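Now, the feature entries from Swiss-Prot:
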type	residues	note
BINDING	Asp73, Asn75, Asp77, Ser79, Glu84	Ca(2+) 1 binding site
BINDING	Asp109, Asn111, Asn113, Glu120	Ca(2+) 2 binding site
BINDING	Asp149, Asp151, Asn153, Glu160	Ca(2+) 3 binding site
BINDING	Asp185, Asp187, Asp189, Arg191, Glu196	Ca(2+) 4 binding site
COMPBIAS	44-53	compositional bias 'Low complexity'
DOMAIN	60-95	domain 'EF-hand 1'
DOMAIN	96-131	domain 'EF-hand 2'
DOMAIN	136-171	domain 'EF-hand 3'
DOMAIN	172-207	domain 'EF-hand 4'
REGION	1-22	region 'Disordered'
REGION	40-60	region 'Disordered'
Amino acid sequence: MSEPATTTPTPTPAGDHDAAATACKPAETTTALITCRSSSCSAQQQQQQQQQQEEPLGDDQLGELREIFRSFDRNGDGSLTQLELGSLLRSLGLKPSTDELDSLIQRADTNSNGLIEFSEFVALVAPELLYDRAPYSEDQIRRLFNIFDRDGNGFITAAELAHSMAKLGHALTVKELTGMIKEADTDGDGRISFQEFSRAITAAAFDNIFS
């Protein structure tokens, strides 16, 4: 893999570099979606989650969720099987074990038909989307993306990712680099688009918040 031509990166606030280094680390846990329903969650956290369940998601958030849902509803029947839900979560950088996936299905499947309809999917993830420590705004994600997209062509290559992570003090092994590209590159074209980057960053941020 050849090293990209050296260019002067666009100056960015130090916080953006810290956020990029943190958010771009591979996700390590999948307890994000179930932690605050467990008995170990504090009463204050549970009260916050209950209040947020009563708040509506914005149209943009619902649209994004519907797009994600449809992309994994392979037979277009308006519901996800356990296998499809597992694939969806893995595409977001989460790594559910079989037991964790079973727990999610049991919690979300309110009509007990063994499938997850869109309304059940929204009910599952809405509290995390509305949590007061929500992940980065689109503007913040765009700034992070621009740090890595060194040639400004709208895509992040493996070389750009490796170079930028090294400059941020997180040099990657070949295995780590390959793994990160594989996690984020959902369409398999060998590079990361802004949409893919946004999903990967959001998933990693949720994982850091709730782990």
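A Cβ is built for glycine as well, from the same backbone N, Cα and C atoms used for every other residue.
Asp77 (Ca(2+) 1 binding site) has its Cα within 10 Å of the Cα of none of the binding-site residues Asp149, Glu160, Asp187. The DSSP breakdown of the domain 'EF-hand 4' (172-207) into helical (H, G, I), extended (E, B) and coil residues amounts to 25 helix, 2 strand, 9 coil.
Taking the C-alpha positions, the distance from Glu120 (Ca(2+) 2 binding site) to Ser79 (Ca(2+) 1 binding site) comes to 9 Å. Counting in whole angstrom, Glu84 (Ca(2+) 1 binding site) lies 24 from Arg191 (Ca(2+) 4 binding site) by their C-alpha atoms. Taking the Cβ of Asn111 (Ca(2+) 2 binding site) as reference, residues of its chain lying under 8 Å away and at least six apart in sequence are, in sequence order, Glu117, Glu120. Secondary structure from DSSP puts Ser79 (Ca(2+) 1 binding site) in a beta strand. Other than Asp185, Asp187, Asp189, Arg191, Glu196, the residues of this chain whose Cβ falls within 8 Å of the Cβ centroid of the Ca(2+) 4 site are, in sequence order, Phe155, Ala184, Thr186, Gly188, Gly190, Ile192, Ser193. Those same-chain residues not listed among Asp109, Asn111, Asn113, Glu120 yet with C-beta within 8 angstroms of the centroid of the Ca(2+) 2 site C-beta atoms are Ser79, Ala108, Thr110, Ser112, Gly114, Leu115, Ile116, Glu117. Residues within less than 8 Å, Cβ to Cβ, of Glu196 (Ca(2+) 4 binding site) and separated from it by at least 6 positions along the same chain comprise Ala184, Asp185, Thr186, Asp187. Neighbour count (other Cβ atoms within 10 Å of the Cβ, all protein chains): 10 for Asp187 (Ca(2+) 4 binding site). The helix, strand and coil residue counts that DSSP assigns across the domain 'EF-hand 2' (96-131) are 23 helix, 2 strand, 11 coil.
Ranking the binding-site residues Asp149, Asp151, Asn153, Arg191 by the distance of their Cα atoms from the Cα of Asn75 (Ca(2+) 1 binding site) places Arg191 first.
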